[in-house]
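A short write-up of the structure that comes next.
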């Protein structure tokens, strides 16, 4: 009977799914572990394969097993600007076997509207690995050689200069708007799907400015296709390719907007587990091979321990709350979410 | 010849035992990824990344590239044999590949698809070798307004690709566009049509919908006539390979597909899928036997399968010469490169010539290897058809669902694969051909983003689109084709009326 077998098949599929769903729901059971870690640790990257944060995670994965005693396994759970992956970690048992890669989005996302968890309080930082100073770059055949040139041009031609960034409400977008506000100029934003897409539109002359992380700019800067006008960090970068880029502050604008990546666990980790874990991650970060790999990626290691990271989350949170309100980004996104 | 010298140096790198071995492993895994429906190239490479940490960087890159281009070789296998595409880029191959298989020409279809892949892959590689830097520069001239124009013209021309009813095809294409709007809107940052479900924010992956509609949908269809014995004519050995006539009919489509695929591959987006549809459309238009399309026209296999392979070679151009990945699969390749300490970009050719040319040379070798692997496999694959469907189809279902899960590691996606499977089954029953839906799904987002980003760039003035030379050229070409179609339709209509009038009097 064709119809009967059809129904049978569909119901089989559905029951498999339901069973699968059940197994992943047995949450919040904290085993009394004595020897942590005794099985592989999952590191959830809440973004797709191939992004900057994914590369940091995989660099950690590469050096982790020798220092943690167990392999670290990277699992990508992309979607919802990171919220899907972080929801999963925030709701996972705090046993040290489910960790998350974190970025500045854990602070930004809750500012734009209700999220399932308030990540800065639902997650417990283990370490900050790297801090990314965003770079403001223009095509090399543009007549602007300094921030001042660009600001003057934009003042004379309001609305003509457009900047690209890899996602609305992201830190790159925030930096762009902060700069425009500080310089008192009108910059139009163009959202793209990725840093690569923004860069190719800059190279093609379709947009005039990009705000991107150093790794996304490095190759084009080296080949002289783009020039960097300013750096979003507090200090200059040490990498020779970037060393001569002046910060916004040096050029008289009070704009500091840094992105960072780190590792966090669900809140409520047992003290001994947290200690072991943070020591293990510290050892990974001190490993010369890890440092070399990070340097290859164009990333500067800026280690912060659990307490320092927590402080940083707090200050960033206060600062960004103010910034997204002043620049009108939060209002714009919230308004559209209604 | 400077380039020839460099390429020879590259060959000497790529035939080092370790590199040759990783090339073989890469193309073997790639073939497997292609053959198994649901297993997506991106997730396959992501899964294998950790295993490469201990490898030498050149060998690792050669392996990743091998998986990437190898996967497009095998994609047609299950399309032809089971009507289940192995990859989204082989959806269109089902249209004529499967009917060929039903007529006992599965072997010929597989052979043509393998040879077409080889020829087009090589065309793509020659383009990559000779023209990479200037082509990459040319691709940059395409900005959002140009993508908008391309997608608009593409949608209009491609939506009536299959079947008999324009209305049904257009309806499918519109549903595809509608599905593509689900998720986080990149312009405003708001979630659209997600009903508050976070998982829907990322939208539907092309693979999820393609595997549902075509994979699970076909399995369900097969279930409804599971009692019937598979009616496959027994295939003699010499019937496994194409006849002279099939050859002659395929050779031009292969080259045409190869060139189309290459050009499409230079632009952002899922190039392999888009190019296969464009090639199918072209072949149907230029064929001397347009009535055979949909019933097993060999051109409908040769063209698209060639196109998706040369598209792959072309997508390597922006990656290797600019360091910019234009699609998901090259983005993961870029990651693989970076993890091994290699940053593709303008300086790669000068700083690491042995690596760059070694990789390119390995792709030539890999293409030959793929042909050598695939041709003898045809006999094995055709034997698969003798397996009763009630054993084969559940197996395909398991593989498809596993693959679908691995894309985002998400149980939620599995529900949707099954939902789209049931939808695909019902659509087939109701006489709707779902492939225009895939076109809408692929081109819809390009159209929307091109329009919104383009409007910002043009200060909100849509007429600026027409003053940009490239966009204007594309739009007017599209306009001419539509006008031409309209005129031919009108003359036909007129002739018919005259005929009727003549009959009446």
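Using the three backbone atoms N, Cα and C, a Cβ is placed for every residue, glycine included.
Features as listed in TrEMBL:
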DOMAIN    B:20-439  domain 'DUF112'
TRANSMEM  B:20-39  transmembrane segment
TRANSMEM  B:45-69  transmembrane segment
TRANSMEM  B:108-132  transmembrane segment
TRANSMEM  B:170-188  transmembrane segment
TRANSMEM  B:208-228  transmembrane segment
TRANSMEM  B:259-282  transmembrane segment
TRANSMEM  B:322-343  transmembrane segment
TRANSMEM  B:355-382  transmembrane segment
TRANSMEM  B:414-432  transmembrane segment
TRANSMEM  B:470-490  transmembrane segment
Next on the checklist: Considering only Cβ pairs within less than 8 angstroms, which of the stretches B:208-228, B:259-282, B:322-343, B:355-382, B:470-490 has the most against the transmembrane segment (B:20-39)?
Outcome noted: B:355-382
Item to check | Top Cβ-contact partner of the transmembrane segment (B:208-228) among B:108-132, B:259-282, B:414-432 (pairs under 8 Å) | outcome: B:414-432
Checklist entry - For the transmembrane segment (B:45-69), which recorded stretch in the set B:108-132, B:259-282, B:322-343, B:470-490 gives the largest number of Cβ pairs separated by under 8 Å? => result B:322-343
Checklist entry - Is the transmembrane segment (B:470-490) packed against any residues at least 6 beyond its ends, judged by a Cβ distance under 8 Å, and which are they? => result 141-142, 145-146, 148-150, 152-153, 156-157
Checklist entry - Counting only residues 6+ away from its ends, which parts of the chain sit with a Cβ under 8 Å from the transmembrane segment (B:322-343)? => result 41-42, 45-46, 49, 52-53, 55, 57, 60-61, 64-65, 68, 136, 139-140, 266-271, 315-316, 352, 355
Checklist outcome for this item: The answer for the transmembrane segment (B:414-432), taking Cβ pairs under 8 Å and residues 6+ beyond its ends, is 163, 168, 171-172, 204, 208-209, 211-221, 400-401, 404-405
Item to check | Same-chain residues near the transmembrane segment (B:108-132), Cβ under 8 Å, at least 6 residues beyond its ends | outcome: 3, 7, 69, 72-73, 76-77, 80-81, 93, 96-97, 100-101, 239-243, 246-247, 250, 253-255, 257-259, 261-262, 265, 298, 301-303, 305-314, 316-317, 320-321, 360, 363-364, 367-368, 370-371, 374-375, 378, 381-382
